[in-house]
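Single-structure report; data block below.
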Amino acid sequence: MGSSSSSYAPKAIYLDVDGKVQKVVFSRYCSPCDIKELLCSSSNIPRNTAIMMVDSEGSLVSIDPTMPINSPSSLYKVVPLSTGQLGEKEDMFQNVLSQVAEQFSKAFRINELKTEVTNRLAMLEKRVELEGLKVVEIEKCKKDLRKLRDEMTSRGGGRANCPCRYNFPDDGKKPNARRDVPSYPKYTLSRETIEALKKPTFDVWHWEHNEMLSCLEYMFQDLGLVKEFNMNPITLKRWLLAIQENYRNNPFHNFRHCFCVSQVMYGMINLCNLQEKLTLTDLGVLMTAAVCHDLDHPGYNNTYQINARTELAVRYNDISPLENHHCAVAFQILSLPECNIFANVEPEAYKQIRQAIITLILATDMARHGEILDSFKHKVDNFDFTNEEHVICLKMVLIKCCDISNEVRPTEVAEPWVDCLLEEYFMQSDREKCEGLPVAPFMDRDKVTKPTAQIGFIKFVLIPMFETIMKLFPQIEEIMVQPLRDSRDHYEELKQIDDAMTEAQKKKTESMSLGGKKK
């Protein structure tokens with residue numbers, strides 16, 4: 001399936017020009033400057049005049065390609081700005097900055113200077129907000145103000161003078177977020193697609209990012225999570241876009257992997273009838289953790305992070321550095337008001353949701369696989385859905401199953417993922433060799449093959465885990481466990497072929513060597 005052609009259609013808005021309706025059509029790819037010139041021409045206003053646009057209620061409308069469209073019954077109006085309105089802000093900024101520069105020369109009055117500048121900046125910040133500037137402009141101003149405060153702090157002797165090798169900024173890496181109304185095409189999912197989404201046979205390779213975003217949006221709607229958490233639909237769209245933008249373009253750990261894990265989670269919720277056994281809060285935690293579980297993955301695993309003593313390993317004391325980082329990025333995104341899908345949840349309930357999501361994402365560290373599976377094995381024969389400890393353990397096993405579930409899918413869907421994973425492994429092992437770090441044999445391009453990489457993993461990790469959860473949900477055997485057994489047999493056959501070819505090549509080489517000696 002391809003991207004919707006609607007993304008290339010021009011946009012049209014309607015203006016009130018001297019009491020008459022004026023239609024203005026422009027491309028979605030026009031720059032804001034081009035649109036402003038077009039609006040000036042349509043409204044009989046000289047070019048290069050500073051303008052603003054208001055709706056029928058007098059509210060400001062942003063002048064850019066993402067502006068909301070209107071109708072002839074709800075007209076926009078273009079209003080020129082007076083010179084005084086423009087100059088006042090510039091004079092105010094210039095005046096403050098001039099006084100700050102003058103005070104910097106008085107080195108022995110640093111404390112008084114800090115107090116004075118802080119007061120002036122607070123007044124300026126309040127004034128800017130009262131002027132009703134757009135959110136993006138306010139954020140830019142605040143960023144400049146924080147930078148100025150940091151410079152003041154460093155001059156007075158602060159964190160910047162610390163000799164520590166690792167200096168982590170307070171804000172850290174700010175995740176990307178869309179503040180305009182997201183414009184990815186709205187796809188109407190067919191009944192066939194909706195049913196396919198509930199099964200692990202779903203072919204994830206036929207979908208583009210915009211389509212995967214629409215599918216994720218549908219899953220949250222269908223499970224009743226939007227209603228349960230009183231999510232703003234626009235906020236849900238912004239959150240999903242921010243999630244996509246914070247997955248890197250790695251061969252394996254990318255946004256498509258995020259979608260795969262989330263789709264299998266949605267499928268297991270339906271297949272195992274978890275709506276009848278778990279609360280909606282539990283389902284929301286499962287889906288949110290699945291979507292966020294590998295955010296900003298750098299493409300190099302925990303072993304590399306620890307051996308290379310990376311910033312992440314130092315920050316998290318070698319304890320699940322990647323999983324801790326995924327959690328941190330997830331909640332940085334949720335801390336943005338425009339992306340907070342839990343904004344309408346009570347504070348105490350949000351604390352519990354946050355802790356539950358962290359628990360699940362940390363459970364995806366394969367270093368904890370044996371510990372988590374053993375704990376679940378002790379509970380599964382007498383499992384109690386009213387026991388909170390039992391339910392937490394089940395959720396941890398569920399996200400682990402979904403995270404490494406590719407071999408549950410049909411061979412033609414699963415096998416390309418093996419190629420992607422090996423490519424990422426080989427990138428890491430090549431780097432480890434260059435840096436003189438230990439190299440795991442299963443990641444070494446000179447030692448591993450596709451069959452040898454998969455057979456042990458399927459036999460000793462996947463099948464035991466899925467067979468354990470099958471005790472609680474027998475209905476998964478045919479659709480999830482049997483495909484794993486088939487996949488194991490498939491790779492064992494490939495290994496036999498590879499071994500036979502290697503042996504034949506070895507004999508041929510020995511024969512040629514003996515023939516050369518006789519001559």
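Cβ atoms are placed via backbone N, Cα and C, with glycine included.
Summarising the annotation, TrEMBL assigns active site, proton donor to HIS253. Taking a C-beta cut-off of under 8 angstroms and a sequence separation of 6 or more, HIS253 (active site, proton donor) has the following same-chain neighbours: TYR247, ASP294, HIS297, GLY299, GLU424.
Counting only residues at least six positions away in the same chain, the Cβ atoms of VAL261, HIS293, THR364 sit under 8 Å from the Cβ of ASP403 (AMP binding site). Look at TrEMBL and you will find HIS253, ASN254, PHE255, ARG256, HIS257, ASP294, ASP403, GLN454 tagged as AMP binding site.
Taken from TrEMBL, the feature Zn(2+) 1 binding site applies to HIS257, HIS293, ASP294, ASP403.
If you look up TrEMBL, you'll see ASP294 marked as Zn(2+) 2 binding site.
The annotation domain 'PDEase' is assigned in TrEMBL to 177-498.
Candidate binding-site residues: ASN254, GLN454. Fewest other C-beta atoms within 10 angstroms, ASN254. Averaged over the domain 'PDEase' (177-498), the predicted model reaches a pLDDT of 95.
Cβ-based crowding with a 10 Å cutoff singles out HIS293 as the top-ranked of the binding-site residues PHE255, HIS293.
ASP294 (AMP binding site) has a Cβ environment of 25 other Cβ atoms inside 10 Å. Taken over all pairs of the listed AMP-binding residues (HIS253, ASN254, PHE255, ARG256, HIS257, ASP294, ASP403, GLN454), the Cα spread reaches a maximum of 23 Å, rounded to the nearest whole number.
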